[in-house]
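Colleague: I have a structure I would like to understand better, so I am pasting it below and will then ask my questions one at a time.
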Amino acid sequence: MLPALLLIIVATVHDATAVARNYEKALAKEDFEDKFSLLGPRSFIKNHQTVASFFKDEVGQNYTCGRDLAILDEAITRRETWALKMLDASSKIPSGLLEGNFIDLGMFDECMGVKGEALGVEIRGRHCMYSIASTSGNDSHLINPTLSICMPSTCNGSDIVYLFNSTISTIDRLKELGITVVSATCTPVDKEIWDTEFTVSFSILMAFIGLLLFCTLCDVILRQRDAGEYRHPVLSTLAKFSLIISASSILSTRVREGNLPAIHGIRFLSMGWVILGHEYILHFQGVNVNNLSILNWIQSWKSLYIFIAQFTVDTFFTISGFFMTYLFLKQMPKEKRFNVPMYYLHRYFRLTPAIIALTLLTVVFIPKMGSGPRWDMLMSVFGGSCRKKWWPNLLYVQNFVQKDNLCLGHLWYLAVDMQLFWISPIILYPLYSKHKIGLAILFVFFIVSIAVPGAIVGINQYPALSFIQNKNLQLTKDIFTEVYEMSYNRAGPWLIGILLGFEVANNNRRLGKLTVSTGWFVAIGSFAFCTFGTRSFMEPSYEYNDVWESVFTAVSRPIWAVGVCWIIYACIHNYAGPVFIVLSWKFFVPLSRISYCVYLVHFIIQLMHLSTQRTPNYFSDYNIWNDFFSNLIISIVVGFFFSLLFESPIMILEKMLFRRKRENVKESQRNLGSEDSKAYQA
């Protein structure tokens, strides 16, 4: 559920005050007021004579920046409106420093809108952010105070670092405080939108959409003809790609006979839980006036439902293993032989085109679709990663290759699921042909999936839940890359799902009331174990216990999968009562159909929302839930069109190219594609 960046964010926020519970006292000793005032924009600009002289003397420095700063200072003295706007748009001493309000964004749009002229020189505003750190190396916090300044457009981030540190060297009080400006970023004044890359990509996209619209027109023309009238084969073929047909198929609430309607509810509700978890984590990364409230929230019981959302990914692994096995065992008696290359090609062909489209959008289009104080910084991190490191995502190996890759980090789940799919024939075919051998292989894989992650945690003294307990940033990253996102740590729920698929496909036994009651008791106990086990690590009094850490890492995910399997089994055999009624609600059906694409796009939408932030947030459950519902609705709408454009046409093409002519096989494979591929959520 949580890509590496998100785990790092949580660890950073947690460690920022976990070093000292009396964080307010630590902040009070930091002389923040002096730091903010002496390094504030007005104080800095007043020292322009000093810094301008540096630009004249130092080879390679940006003289025009120093010149424009001198012009700006004179314009401020003359009270010229454009200059006052630049000063007004820059940071002041914020209130709430002792509550963790140490990031000030200034007024982005006011700064970027400045255009002035003095002494024949045109001055344009450029919004910049700079971070202050201690030179002593003994900071009691990890989050550096960050301020904004509206600079002339001729200045850049390197100039700001140079100028501020030069200013610090000339002011005794600043030298006494032992501070330095460690980094600065500036928003580009003029963004070139219609560059070659964008123009070519946009043209290809428009041509593709135009082709689909033409196919839709063919469908409309054919609908106007009589049923017995001759239909041109080319028009009939093109009409299959009609957006009307695809939209009708997606939005239909009809459940085909033999499908499992409750799965739609499980899939969509679990996906919503994932998106909610990401919403909270991204709010940690946002600019908040009350960062200390996050620390109190993390330690409270009301944060528990977010931290156990990590197990939602195991719900999807369970569903994936179940559907893969159930449909395979139902299909094999009809096909008589197992075509392994087509088995792999089918899966890759279904999932990858949508990822290619998302990667292209992330690299080319999305960076040009917004602005904000931190827009370019965040977009360069994610878009830049995708530009350089896109190929591991398309090969589904990003959890083994280039592990520091932040390109669409939420897709690590797809890599794990694809890797498990690669080894599935080793289990599935023996389950079909030699049940006992297949079950023995399954058992061996299951033991390994429990033993390996538990052993890694025990040997390396890793905490089971790094994002709650750990204070070491590097250790948190190591835990994620060596345990959290690895196939051997996620195979347990998938294997239990395979066992459920085998049971449902081969047995239709009726259970007694006592057995059913026991099943529900076990399911509730499974979820309770994961919930209260997670809570145990959140207690302030908790001390590291290597046995408990290893055991929880090894068994918690399979135990969660047992609870999920019982719900699925009970819904199939009508033992679920009101649970089945809720999960089988017909409107979950279309939402479930687009869940794969909703999952693909949701994190990008949340990131765009975060990147356009212009004022600080107040961290509270109400505000986050409000953002969650708005982002969820947007994700559903965008996911629908994404599915319409980049998933449905590929499904239709795949059926035309690879499907056999026999109707029963076509139906079976259609179920396999529509159900199994949609199980990929995390």
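Positions of Cβ are set from backbone N, Cα and C atoms, glycine also.
Where the annotation comes from TrEMBL, it is an automatic prediction and has not been curated.
According to TrEMBL, the protein has these features:
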DOMAIN    62-183  domain 'Nose resistant-to-fluoxetine protein N-terminal'
SIGNAL    1-18  signal peptide
TRANSMEM  200-222  transmembrane segment
TRANSMEM  304-328  transmembrane segment
TRANSMEM  348-367  transmembrane segment
TRANSMEM  411-432  transmembrane segment
TRANSMEM  439-459  transmembrane segment
TRANSMEM  520-538  transmembrane segment
TRANSMEM  558-582  transmembrane segment
TRANSMEM  594-612  transmembrane segment
TRANSMEM  632-653  transmembrane segment
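Help me picture where these features are in the structure shown.
Modeller: Confidence across the domain 'Nose resistant-to-fluoxetine protein N-terminal' (62-183), taken as the mean pLDDT and rounded to a whole number, stands at 83.
Distant neighbours of the transmembrane segment (200-222): 231, 235-236, 238-245, 360, 364-365, 645, 649; these residues of the same chain sit at least 6 beyond its ends, with a Cβ under 8 Å from one of its Cβ atoms.
Long-range neighbours of the transmembrane segment (348-367) within the same chain, counting only residues 6 or more positions beyond its ends whose Cβ lies under 8 Å from a Cβ of the stretch, are 197-198, 201-202, 376, 379-380, 382-383, 386-387, 390, 393-394, 407-408, 411, 414, 418, 596-597, 600-601, 604, 608, 642-643, 645-647, 650-651, 654, 658, 673, 677, 680.
For the transmembrane segment (411-432), the list of distant contacts is 1, 3, 313, 316-317, 320-321, 324-325, 328-329, 332, 338, 340, 343-344, 347-348, 351, 355, 392-393, 396-399, 438-439, 441-442, 445, 485-487, 490-491, 494-495, 498, 502, 600, 680-682: same-chain residues at least six beyond its ends, Cβ to Cβ under 8 Å.
The list of residues near the transmembrane segment (439-459) in space but at least 6 beyond its ends in sequence, with Cβ under 8 angstroms from a Cβ of it, reads 423, 426-427, 430-431, 482-483, 486, 488-492, 495-496, 498-499, 502, 546-547, 549-551, 553-555, 558.
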Colleague: Within the domain 'Nose resistant-to-fluoxetine protein N-terminal' (62-183), count helix residues (DSSP H, G, I), strand residues (E, B) and coil residues, in that order.
Modeller: 50 helix, 31 strand, 41 coil
